[in-house]
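Colleague: Swiss-Prot feature annotations, pasted as is:
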BINDING   S163, A164, H165, Q166, R185, T192, H193, Y194, Q199, M200, E201, E269, F294  substrate binding site
DOMAIN    338-429  domain 'FDX-ACB'
MOD_RES   A54  N-acetylalanine
TRANSIT   1-53  transit peptide
Amino acid sequence: MTVFSVQSTIFSRASVALLSSNGFKRFSFVSSFSSSAAYSPPKMRKRRYPIVSAVDIGGVAIARNDVVREDDPTNNVPDSIFSKLGMQLHRRDKHPIGILKNAIYDYFDSNYSNKFEKFEDLSPIVTTKQNFDDVLVPADHVSRSLNDTYYVDSQTVLRCHTSAHQAELLRKGHSRFLVTGDVYRRDSIDSTHYPVFHQMEGFCVFSPEDWNGSGKDSTLYAAEDLKKCLEGLARHLFGSVEMRWVDTYFPFTNPSFELEIYFKEDWLEVLGCGVTEQVILKQSGLENNVAWAFGLGLERLAMVLFDIPDIRFFWSSDERFTSQFGKGELGVKFKPYSKYPPCYKDISFWISDLFTENNFCEVVRGIAGDLVEEVKLIDQFTNKKKGLTSHCYRIVFRSMERSLTDEEVNDLQSKVRDEVQKKLNVELR
């Protein structure tokens, strides 16, 4: 198995000067973006200890101040997110994410004599051009908002999808490849959502000699090859299962599809895919070619394959979790250990026009980290006389490793109450 690493420009031009002082030389098919909302630039952050001062990405040390910038009004990367950079769960062979990645690699290695190149160490810090423009995300798309995406500066983001590397790899002459990596999105808090998760992108380019003589046009040829490939992958992972294709829309493929399988008496969406929009190929000097692409979320599939009930488990270092995957193989079913009791706390406040739930979740997560299991809106009403709207959220605190004390939870809740007033311009009730 050959895994490649390609050097790429990981910061925007606006960031280069800052990085040089530290020794630097210079779409998504999965999990649709949340709805658009206004964003209130973050105020000066309180440091919460311990704080990671630097991380290693592809052999390059990146300092905290390169990514978490209190003096930049467009920067919305908290320390809790910076600490996840460089952890690369997908490169751990005895971790559920790494096990699943390797199983997918095995499928492609076994079924394609013309091997797919593998890239899994590309920096998650990319330009807005790479993350949005190169994959045809419209200028007014909600995914570009500060409410949905982590911005390092106005031209640099933490990638929202592994598709951010697609154009760069095509321009460098790669035509069949798999890209795996950690991706970042501001999101809600519950058992299936986390601001950092892992994706795999697959891409395959065809030349005219591939489809000439088949009796099919280039688009149909690519679409049929894509479906054959992914149906085989689904059988490789899930066994003999019923499947169905659903037509859908992505800005970077046409036609576009979702593959669903009938698993445990329900239809499960496995991945999104499609025939690549011709303009993407043309911009990479491949105007005479056709291609297909797919993207899948590794956590989503791993939770199903390994029976993992909460996405936070993937980040756990508890031996009761990690030891269950020591063989590095599919087929293991997670055996839950004692589930510690939840602690419920409610918070109510009058919201402003700039309020968004993603911003609120970021505040809660920044304080409680993985001790918060869920944040849920349980009530809202509008006072017509005052012209104000109130939201009431229930925060569920629960550790996966120990029982939380009342004192701990009360302290966390108190900090949440203080911070939401300072950062979100809301009035507590």
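Any Cβ shown, glycine's included, is placed from N, Cα and C.
Here the structure is a predicted model, which means the values were calculated and not measured.
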Colleague: So what's the average pLDDT for the domain 'FDX-ACB' (338-429)?
Modeller: 94
Colleague: Indicate whether R185 (substrate binding site) is helix, strand or coil by DSSP.
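Modeller: Assignment for R185 (substrate binding site) reads coil.
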Colleague: Expressed to the nearest Å, what is the distance separating Q199 (substrate binding site) and A54 (N-acetylalanine) at their Cα atoms?
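Modeller: Approximately 24 Å lies between the Cα of Q199 (substrate binding site) and that of A54 (N-acetylalanine).
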Colleague: Sort out the sequence-distant neighbours of H193 (substrate binding site) for me: same chain, 6+ apart, CB within less than 8 Å of its CB, listed by position.
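Modeller: For H193 (substrate binding site), the qualifying residues are D187, I311.
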Colleague: Round to the nearest Å and give the CA-to-CA distance linking R185 (substrate binding site) with the residue listed as 'N-acetylalanine'.
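Modeller: One finds 21 Å between the Cα atoms of these residues.
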Colleague: Taking the Cβ of R185 (substrate binding site) as the centre, how many other Cβ atoms fall within a 10 Å radius?
Modeller: 22
Colleague: Quick one, of the recorded positions A54, S163, which Cβ has the fewest other Cβ within 10 Å?
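Modeller: Taking A54, S163 as the recorded positions, the minimal 10 Å Cβ count falls on A54.
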Colleague: Could you measure between E201 (substrate binding site) and A54 (N-acetylalanine) for me? Cα positions, answer in whole angstrom.
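Modeller: Roughly 28 Å, rounded to the nearest whole number.
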Colleague: If I take the alpha carbons of S163 (substrate binding site) and A54 (N-acetylalanine), what is the distance between them in whole Å?
Modeller: 26
Colleague: Could you give the number of helix, strand and coil residues in the domain 'FDX-ACB' (338-429) as assigned by DSSP?
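Modeller: Grouping H, G, I as helix and E, B as strand yields 34 helix, 33 strand, 25 coil.
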